[in-house]
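Below is one structure, written out as structure tokens; comments come after it.
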């Protein structure tokens, strides 16, 4: 079967000048992924013929597309590297609940049949809407006719056969990047599930990838007793940091410690590192499972319904928006400005605006806007204070960066340090109303770190629990170089390269953004 390019269509992604997910690692030690070299163009409906390899006049193009999709989303497995590896019956059986003894004298527990396993051939649909027209709101079409093409991905969960003996497992957990609500929940569930399988050696690597090389940082021994109540607080039991040593140094450290299961909690950059670790382990022919759990309150990981911490961030953002509303509503010509997280994606700002019902203007990175001029934000603010008496603005941190002075500064992860759009809008608003001689009381709120550091809410707590469990199931099933997520309400496994190609962005033609515009009543600011 012929193969076509793995990149078919990408929506609303600005061209990338350098690989965004390799930051913090030595370039010489980290192999480049093809996906980071792609330059994506914005396309609202379909790819047309951007890729000449797709010949829509070929009657078999759909079959070729599906075959290529299956190859891209096929999960790396230990059997790809070790032909002679034999699976064993799973030690995860909730029916018998027999304890896994240290000696395993009588083999692995339970000959009873339990129907709680996932078949390796179970699949979940990646896309569930069959668009009848490329002009439908939010349409994602492969060809101009919007042909329905089934795209199946691997279902997550415990398998009947496993590829690691629990007594031989030396598992490690590492949390990287910034804080996010739910980190402790995921750590806790990974440890608990590992112990149910019968794993006795579980360690935490403190302070991200840095913990693999810094001699002053010592690993933390983990058990159910240690992690039992850590989900009751925010932050990370293991600590966090950005950047770290080279991939070669990380894998050297893993070999020295005997680590053969590594669970990595982090965002796009962290996952790029995890994938590079996986590739280096395969290069050295090491029997190691590297499994990621996507962590970002920005909700900017591809193909997933949502990432953990997002619901909590939206809920916590309500406090800031409500405060801004009270300040604005209580003042004469009051204007409240709230800046929320979202470097390249406006999901938090949009959902928080929808949830609050108090936001008059929502500004996100995906939708350009003008501050000044007849169609500008400031002109609309004047209209709002004159007609309503007050106004509330919600802005994502990555919005309106074209108004701010560019810098070459980067954080330890290599992310470009953004200008403060919230302060800029505050200053421009005060200046504008002073120039037109209209009194205005402008208040600015930035709740960024308050949102990141809080404990996960109930919704995120459940999501974290299931993600942590399925990460362990995936590792024992022999998969590596994968991450776990929720897609169309089902839990699935993705090969890491497919979720880190570029940041997921909000579609300005989506129904959800249209709903937000209906809620705020804001006009087009372009």
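Note that Cβ sites are derived from N, Cα and C of the backbone, with glycine treated the same way.
Nobody curates TrEMBL annotations by hand; they come from automatic prediction.
For reference, TrEMBL has these:
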DOMAIN    171-473  domain 'Phosphofructokinase'
BINDING   178, 242, 243, 267, 268, 269, 270  ATP binding site
BINDING   268  Mg(2+) binding site
SITE      269  site 'Important for substrate specificity'
BINDING   296, 297, 298, 341, 342, 343, 397, 449, 450, 451, 452  substrate binding site
ACT_SITE  298  active site, proton acceptor
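Of all residue pairs in 296, 297, 298, 341, 342, 343, 397, 449, 450, 451, 452, the annotated binders of substrate, the farthest apart have Cα atoms separated by 17 Å. Comparing C-alpha positions, residue 450 (substrate binding site) sits nearest to 178 among the binding-site residues 178, 242, 243, 268, 270. A 10 Å radius around the C-alpha of residue 268 (ATP binding site) takes in these binding-site residues out of 296, 397, 452, in sequence order: 296.
Taken together, the residues in the domain 'Phosphofructokinase' (171-473) have a mean pLDDT of 94 on the 0 to 100 scale.
Among the binding-site residues 242, 243, 270, no residue is found with its Cα located within 10 Å of the Cα of residue 452 (substrate binding site).
Comparing residue 242 (ATP binding site) with residue 296 (substrate binding site), their Cα atoms are 14 Å apart once rounded. Using CA atoms as reference points, the binding-site residues 178, 243, 269 were checked against residue 397 (substrate binding site), and the closest is 178.
In terms of Cα spacing, the binding-site residues 296, 298, 342 that come within 10 Å of residue 178 (ATP binding site) are 296. Counting every protein chain shown, 28 other Cβ atoms lie within 10 Å of the Cβ of residue 268 (ATP binding site). Distances between the Cα of residue 298 (substrate binding site) and those of the binding-site residues 243, 267, 269, 270 are shortest for 267.
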